[in-house]
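Residues or ranges marked as domain '2Fe-2S ferredoxin-type' in TrEMBL: 1-95. Look at TrEMBL and you will find 101-202 tagged as domain 'FAD-binding FR-type'.
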Amino acid sequence: MQTCDVTEVNSGATFTIRCDDIILDGALAQGISLPHQCRGASCGTCKARVIEGEVDHGWSLGDALSDEEKSRGYCLLCQARPVTDTLRIETVAPVQSPSEVRERKAEVASVVNLTPRVKRVVLALPAHEDFRYAAGAYVEFQLDGVTPNRMYSLASPEREDGLLEFWVARHPEGLASGYIHDELAVGDSVRILGPFGHCRMPGGSGPVIGLAGGTGLAPVLAIFEDALRRGATDDLLLVLSVREVREVFAQDRIMGLARRYPNFRYQVLVTDEPSRYTDTPMLATTWLLAHYRSLVDYRIVIGGSPGFVDACIAACLSLGVAGTSIAVDSFVPVGSVPATSDNTTVVGRE
């Protein structure tokens, strides 16, 4: 089997993979954490420029990688495979200090209903485990009889008690979410793999808007809470969008932040029915366009389904937000990412 020697020039990281391996998968398997988030060709976080060598691009979802970008030598590391024996790449996002990605065994400490379709799952790791992660990270759940692995974002920054919190939405006919909602119980063991992801607070200064669709609130709220704990003084506005009033959750925690930090505000939007939050049902994009004439100098953090994320990105760009000032966690569903070979690592939300 032909191999390829890969060099990432920003970090100086070097690694060797087979030519039928996806570049990101090969790096992660060797403990090299290149920028990534959705691993489903949707968010564009893993975009890199090929300086030397050639790749097979695989596929991409939506606007994650345009044909024009391909012509200029860019690729998505979560889909691209090398076709030459050497490859030099330069990631667009900065390479951060790698965390140790490995399998860990956790115990279910709590399973609680937050809404009719969202459960809060809290996991406890053994005392000897030193699991460190950045706000905005996610892990894979390895559930018996459920393939591929499912990705769930951590719903808080690192906690003093070391517990890991996740918000899991039930999906119709979803194997993983059905198991978690109907069978997972306190005391059960769960194998997790991670941490993964590079969705972070965009660099620089200026006000920040967080746009969260449903359980996309997990990474957005974690990033905001982490920034506030660290003394952020810029204005932070969190916008939670749900379909029905009964799907609103985490309000105690959000209101607690609003009481504690004067630079933090929040807005709830309900899209499918009237509510006390807005005069009429309203999409997040409609709300943005109605309340802002310009978002120049703003930073944006978005979490949710690919459709929600793409619509919010388009609205923000139309209002003048720089593309480099937008961070996303796109919840790519299982089934939307085609497996193109036996060596493809496919993961999904459900």
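Using the three backbone atoms N, Cα and C, a Cβ is placed for every residue, glycine included.
All annotation found in TrEMBL is predicted automatically rather than curated by experts.
The predicted model assigns the domain 'FAD-binding FR-type' (101-202) a mean pLDDT of 91.
The DSSP breakdown of the domain '2Fe-2S ferredoxin-type' (1-95) into helical (H, G, I), extended (E, B) and coil residues amounts to 12 helix, 31 strand, 52 coil.
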